[in-house]
Amino acid sequence: MASLLNARTAVITGGAQGLGLAIGQRFVAEGARVVLGDVNLEATEVAAKRLGGDDVALAVRCDVTQADDVDILIRTAVERFGGLDVMVNNAGITRDATMRTMTEEQFDQVIAVHLKGTWNGTRLAAAIMRERKRGAIVNMSSVSGKVGMVGQTNYSAAKAGIVGMTKAAAKELAHLGIRVNAIAPGLIRSAMTEAMPQRIWDQKLAEVPMGRAGEPSEVASVAVFLASDLSSYMTGTVLDVTGGRFI
């Protein structure tokens, strides 16, 4: 059976760890070449080596809030691997606090990384993809953008905004052969979630009908689906990867 992403080139932001790294691993396993972007260059270089080194994975320092950084990231893929087939806008941060205690800076930081960062990645990737009349853009939203979470007015707003942006961009780009879809993960096992107090973890887990947290690899599988021709007639969709939480 042929690999789903054979000879395709993908750019993944937030690629040094977590979901971004898991997506990179799965993409390479499916035959893709990847360029990982992250603000932590050292960690990104380590991740690229884990994926197989320069022949299949490159590391670039990228602050997604800066359009010039994103442009360099994408152009690295074009120059080193000959094109851009898939863009995964995954970079993210959290600055959780109630509205009473959240600072304006904390709000702005989260909006800038998630929402502006995704906009930068989507528009700059589309500028390259339109030349070939094909491409797949995958944006990382969250269940938090669907239902809202206490202490996450910034994060929930940003993730909901990504849904609206995905749908608007899908309509703008469909005639160019560019598909734009989003993933909305729920409770996914990671260093961040495993650091939660046990009481909070148990509360969140109780909301999941499947009775367990998801694994990063399970989100990566959905990213492969949206990046590949398996989803060739899908654009503007948001796929929940939540184990049934908040259905």
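Each residue's number is its place along the chain shown, starting with 1.
Just so it is clear, glycine is given a Cβ too, placed from its N, Cα and C backbone atoms.
Taken from Swiss-Prot, the feature NAD(+) binding site applies to LEU19, ASP38, ASP63, VAL64, TYR155, LYS159, SER190. Among the features that Swiss-Prot reports, substrate binding site is placed at SER142. Summarising the annotation, Swiss-Prot assigns active site, proton acceptor to TYR155.
Where Swiss-Prot records a feature, it is marked here on the structure.
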| residue | record | DSSP class |
| --- | --- | --- |
| LEU19 | NAD(+) binding site | helix |
| ASP38 | NAD(+) binding site | strand |
| ASP63 | NAD(+) binding site | coil |
| SER142 | substrate binding site | coil |
| TYR155 | NAD(+) binding site | helix |
| SER190 | NAD(+) binding site | coil |
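Note: the Cα of VAL64 (NAD(+) binding site) and the Cα of the residue listed as 'substrate binding site' are spaced 18 Å from each other. Other Cβ atoms within 10 Å of the Cβ of LYS159 (NAD(+) binding site) number 28 in total over all chains. Among the binding-site residues ASP38, ASP63, the residue whose Cβ has the fewest other Cβ atoms within 10 Å is ASP63. Here the Cα atom of ASP63 (NAD(+) binding site) is found 21 Å from that of SER142 (substrate binding site). If you take the Cα of SER190 (NAD(+) binding site) and the Cα of SER142 (substrate binding site), they are about 15 angstrom apart, rounded to a whole number. With LEU19, ASP38, ASP63, VAL64, TYR155, LYS159, SER190 listed as the residues that bind NAD(+), the site has a largest C-alpha separation of 22 Å.
Most buried of the binding-site residues SER142, SER190, judged by other Cβ atoms within 10 Å, is SER142. Ranking the binding-site residues LEU19, VAL64 by C-beta neighbours within 10 Å puts VAL64 at the top. Ranked by CA distance from the residue listed as 'substrate binding site', the binding-site residues ASP38, TYR155, LYS159 have LYS159 at the top as the closest. Every protein chain considered, the tally of other Cβ atoms within 10 Å of the Cβ of TYR155 (NAD(+) binding site) stands at 23.
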